[in-house]
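K.L.:
Please find one structure pasted underneath; my questions will follow.
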């Protein structure tokens, strides 16, 4: 990465170039300053910086740009032509830079995975109804149902939403398992390489679908979900791979493609599941074998595709050296306070660590509140607007389609210098989204709120992931992205439960208005960040 700082001054009516400082960062993350001179025409065409800095003298443009000794030249090279050629070469390189093919391999792999993962969502009511009838009075289903009924009576939810609450608890369990698994998977990938660990995750996911296909009792189905949750570290690992193969300029493209994979997956997958669900209504017996087999076929296709097409993106010389060191930090992966501190990430400069911790808090608060609205939206649209399940399906389809269009057309083209400001804008837009949904008494105001909700989501997650991927050395990307993803999973595990209690306890309007006010906190924190 090469970053420059230059200026010019007037002297007797002429433009005189002051020395140009070029900050070069090697693969180990060590920065050195190179002092060169350049003609005024080159200097005046350089990108201007924002020189506002904090007490440590760090510019808001980048916490990683540090000039350690602006008066000491390195290599002793101060030839004018050398500076000109270096600048022009950098410009040509940026202009001709192509996206690494592994970015598209990861995109296809994620898409196959998410199609299989999301197709089960519309099937939950039919699956729960099947196990309710066939699991027996002493089965796990009846035991968990008593817990759900206690929660339902506690918050005052009607009986008709038992299945939604049941699905919410299963979803929270799945997210909690991701919270545990993501940083561990990332840490092992930093030692053993991305491909081996990615294939292990995909095999685990395929095993969960195979187990689902033979889950004639509810306890086997829950075990399948348990294995699937523990294997879902492939998502954070995919983001680490994007960070491996992308320069600062192209990293946003890779993260946007991850967002597109999610959007398309959450559009097409539920449609496939809805078709299976409609077909299941006329079936008897173990009808779930067919959708489970379809999901298994997608998972096997994913394994074969990655085995054949994916090339390792973390060379051995860049990997972490100690497996024992990774295992000794296991408590840092599951201890919530250590996760927020990013304690497992060693040897970061204090300023970078503080920015990483800030991003973790921002992401957690945002997803905690976001997932709460997303989950309780089913309650709101049914109670206030009498939406049927089909209407709710179209609503989520429209949200996903809006996200996919934005991420494919706008977000992936956001330049590196605008990544933070785009994320800040996204965090700002979700505030009026919550307010509109909470105050909505007409469909128009609801649609405005949901549109802002989709726009915000399309911006925030890819851009924040891009910001996080800039921090840490090559051998730390897996741990950094794993912890970041784990914080998001923890937020998704807790958000729906807290939101349900608030929704049925203090009402939808108050819940969403309070959520909108609280969302000013992550917006303010990210706005104060030094990252760009």
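Yeah, the Cβs are placed from backbone N, Cα and C, and that goes for glycine too.
Feature table excerpt (TrEMBL):
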| type | residues | note |
| --- | --- | --- |
| DOMAIN | 102-532 | domain 'Major facilitator superfamily (MFS) profile' |
| TRANSMEM | 103-124 | transmembrane segment |
| TRANSMEM | 164-184 | transmembrane segment |
| TRANSMEM | 196-212 | transmembrane segment |
| TRANSMEM | 218-241 | transmembrane segment |
| TRANSMEM | 253-276 | transmembrane segment |
| TRANSMEM | 288-310 | transmembrane segment |
| TRANSMEM | 361-381 | transmembrane segment |
| TRANSMEM | 393-411 | transmembrane segment |
| TRANSMEM | 423-440 | transmembrane segment |
| TRANSMEM | 446-467 | transmembrane segment |
| TRANSMEM | 479-504 | transmembrane segment |
| TRANSMEM | 510-526 | transmembrane segment |
K.L.:
Go through 164-184, 253-276, 288-310, 510-526 and flag the stretch with the largest number of C-beta pairs under 8 Å relative to the transmembrane segment (446-467).
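P.N.:
Stretch with maximum Cβ contacts: 253-276.
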K.L.:
Taking the transmembrane segment (423-440) as reference, which of 164-184, 288-310, 361-381, 393-411, 510-526 has the most Cβ pairs under 8 angstroms?
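P.N.:
The stretch I would name here is 510-526.
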K.L.:
Same chain, outside the transmembrane segment (393-411) by at least 6, Cβ under 8 Å from its Cβ: which residues?
P.N.:
122, 252, 256, 259-260, 262-264, 266-267, 270-271, 274, 377, 381, 387, 422, 450-451, 453-455, 457-459, 462-463
K.L.:
Sequence-remote contacts (6 or more beyond its ends) of the transmembrane segment (253-276), Cβ cut-off under 8 Å?
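P.N.:
Sequence-remote neighbours of the transmembrane segment (253-276) are 99, 103-104, 106-107, 110-111, 113-123, 238-239, 242-243, 245-246, 290-291, 294, 393, 396-397, 400-401, 403-404, 407-408, 411-414, 458, 461-463, 465-466, 469.
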K.L.:
Let me know the model's mean pLDDT on the domain 'Major facilitator superfamily (MFS) profile' (102-532).
P.N.:
86
